[in-house]
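According to TrEMBL, the region 'Disordered' annotation covers 620-644. What TrEMBL records for 23-45, 209-230, 237-257, 277-299, 320-344, 387-407, 525-546, 552-569 is transmembrane segment.
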């Protein structure tokens, strides 16, 4: 047994000379992306994304450009160069019939900015502004004379409207019309009710959402800098702000719920739903507040350990300052990929042929196979996004490993981040592909379950069953992400493939769980409090902004989006500290098992980290004799060198 133990320990050695890992998975990913590029090319050739971006009328004319005629449609093929905006004749009563908007739509040169109450007003608006709001074949002089003008002109009164800044639609400014208009237009994109609400909420409060997103980004950056430079003051201040924020947000939510519930002017269905959502938010916020305050009270005596932990992590990041920019690079790469993905999706969704109907209007029929291409494209979104995040984790872990297994702590290796990136791209992309694929395998059932859950919204037994399955899949995904991160760190050390690295990481963590579990969990808890801080104060800003603009009836869903985006931003930036701490503790566990502090096998760990771990976990007497050894600053032992 001792021989087997020694051989097992000898496997844990940072290697300089590496070989490619999980090559077949990298080849599979390249083949998958070849399929994505084929779909992208097909979407560009067969699609017409300008129909969605520029808009089109009921006769097949794309607004803002010249058009080719469609056989059987007399009003198609018109020159709409000067008519850039889509106008619906019945914008306040839009309905969906057979997945089509029932109202006629026209291309107009300008949107009516004042309410038009009669056919004479329509005629004067056309003569004064050159914008004709009736069907093209009705002459402006006949607006008040033609007996069919009521069918060929907009429903009166015509509400004031403004052009949407990106998609060139005349959007009614009347709050009730605006809410229904946005909801119906979004429902043409997807039939999922949740999707309707999310996107209509974005349309309703887009300016406020942008401002709150910038606020969340600013809070996240401030928190990252605070964790890096003022750890001692930060922990106590952060906890005080979190306690204040939780109590304050819960109180504000209960107050708003009471205020809205007793408001006699609330009549619209969306406003009544706001009251229900506010009650749900208030209950959820109260539960979270009670749980977190209880945890803070129980763990209050370990605050000093949190200060020491982030001081040590801050020292490592201080040796690798470019780690702080890693989330920013990753975020920019994700943004570029998401923009590309959405552009292809828009083109794919408009890939169809124009066919005229009996009334002279034009319908677009989707081509066969588009549904399968859309699913393939959707899997590409999840897999590629997870792959980009896995690359970030491997880069951070590789840089931490390089600095940890360096004897001369005062002289860190040059360019550890660039070294880690080069190792990743030369040897371990396949490992990142495999780890991200496993996450994708769990993400897809989770999304399918969410879709089925919304379909079975009225069946309580089915909802309960699918909620349990959804929670189970989420827990599985969280566990897999945790082990993936340690597998990436192990690959950065040993240069082994994903499965071997995952097995070795699980073994080393199982043997050292008593030493490191409490430290890692408490560090993660403090980082979670940082995320709660960002969410609390961003949501507070959202509450004040949306409550001030009560004319936006459907503002509760945008508020939920604000909280989600704030958590996503804070998680992206604070993940640097989380991944750094996890990689550092795994390196520490390996160091303790493979070295004994003697001159032949000296430790790599510095005295501050060893003392911190010893004090925090109260190591047993059998382990204390290694903790108190004097470390010799020599060049013996194995050292991980950066690639040049």
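Cβ atoms here come from the backbone N, Cα and C positions, even for glycine.
Counting Cβ pairs under 8 Å that are 6 or more residues apart, the transmembrane segment (277-299) and the transmembrane segment (320-344) reach fewer than 3 and are not in contact. Spatially, the transmembrane segment (209-230) is not adjacent to the transmembrane segment (387-407); fewer than three Cβ-Cβ distances between them are under 8 Å for residues at least 6 apart in sequence. Contact count against the transmembrane segment (387-407) (Cβ pairs under 8 Å) is highest for 320-344, out of 237-257, 320-344, 525-546.
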